[in-house]
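Below is one structure, written out as structure tokens; comments come after it.
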Amino acid sequence: MEIKNCSVVTEFILLGIPHTEGFETLLFVLFLPFYACTLVGNVSILVAVISSTRLHTPMYFFLGNLSVFDMGFSSVTCPKMLFYLMGLSRLISYQDCVSQLFFFHFLGSIECFLYTVMAYDRFAAICHPLRYSVIMNSKICVALAVGTWLLGCFHSSVLTSLTFTLPYCGPNEVDHFFCDIPAILPLASADTSLAQRVSFTNVGLVSLVCFLLILLSYTRITISILSIQSTEGRQRAFSTCSAHLIAILCAYGPIITIYLQPTPNPMLGTVVQILMNLVGPMLNPLIYTLRNKEVKIALKKILHGKGSVSEG
């Protein structure tokens with residue numbers, strides 16, 4: 001349908017977190033430490049992986065990638081949210097809104113793909129230990145990492161294009177604390193059914209395929225672990241995988257709640273989105289370091305000023 005006298009929207013107003021008027025200062029004081037911990041925790045893991053030669057393995061290569069994307073994912077939405085909680089402008093330009101939506105889904109989908117690759121890495125290490133160095137050589141690791149970036153870029157480009165090729169002529173108040181598909185589409189001045197269906201299918205398909213591949217890897221891993229005769233060997237193998245499984249559960253729960261509900265609950269979606277944007281990226285460093293002796297040793301050496309070390 002052709003739209004006449006369309007006054008194109010050049011900026012949006014982020015209405016923020018619903019039902020929190022008057023609590024902005026409290027929320028700022030609450031959220032700022034979460035964001036700071038996310039940055040410090042993920043930088044610490046990245047420095048540990050780079051500086052410790054013991055951690056120059058495929059598993060830690062992908063963990064370092066995950067730390068970078070966790071910092072980026074949280075930084076896409078949190079700084080703007082913290083600014084408006086401080087009483088600064090809630091305005092976001094059209095171009096910045098497009099960028100925010102693109103990078104949110106770009107980094108978020110990369111994490112899904114990366115969890116899948118990390119599950120395959122654990123499968124190769126536990127089920128094929130003798131061939132592990134061949135299966136996961138440096139070229140394959142780099143190819144898998146680049147593959148996750150390219151897939152994430154394609155996935156996000158589709159979602160962003162579908163959302164912003166629609167005309168936005170009237171209301172510009174986004175009932176959310178950042179630009180995301182469920183909050184932006186209701187403002188469009190045209191039929192959004194196609195964009196909604198494709199977005200639902202795209203997010204659902206990516207999540208489902210990644211989840212099934214992870215499930216397949218861990219089914220094979222479980223069968224392999226149960227065949228280990230040594231109790232100590234079984235415990236060590238399960239311990240290696242448990243951190244990854246906890247991180248996967250933390251990542252997939254919010255995706256299902258926010259994007260794959262037949263009738264979304266806006267308030268529930270906002271709460272879960274905050275947990276996904278703030279708490280999830282902060283938890284990953286804790287999940288991986290608290291259960292990982294090698295990372296803890298590397299961090300202790302860095303803290304004691306033993307920086308880049310070649311460890312025997």
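Keep in mind that glycine also has a Cβ here, set from the backbone N, Cα and C atoms.
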Bond partner of C179 - disulfide, per Swiss-Prot - picked from C97, C112, C250: C97
Recorded membrane side (Swiss-Prot) equal for A48 and D121: yes
Any contact, the transmembrane segment (98-118) to the transmembrane segment (27-47), with at least 3 Cβ pairs under 8 A: no
Stretch contact, the transmembrane segment (27-47) with the transmembrane segment (267-287), Cβ-Cβ under 8 Å, 3+ pairs: yes
Greatest C-beta neighbour count within 10 angstroms, which of the disulfide-bonded residues C97, C179: C179
Contact ranking winner - 58-78, 140-160, 198-218 against the transmembrane segment (267-287), Cβ under 8 Å: 58-78
DSSP residue counts for the topological domain 'Cytoplasmic' (119-139), split into helix, strand and coil: 18 helix, 0 strand, 3 coil
Counts by DSSP class (helix H/G/I, strand E/B, coil) across the topological domain 'Cytoplasmic' (48-57): 7 helix, 1 strand, 2 coil
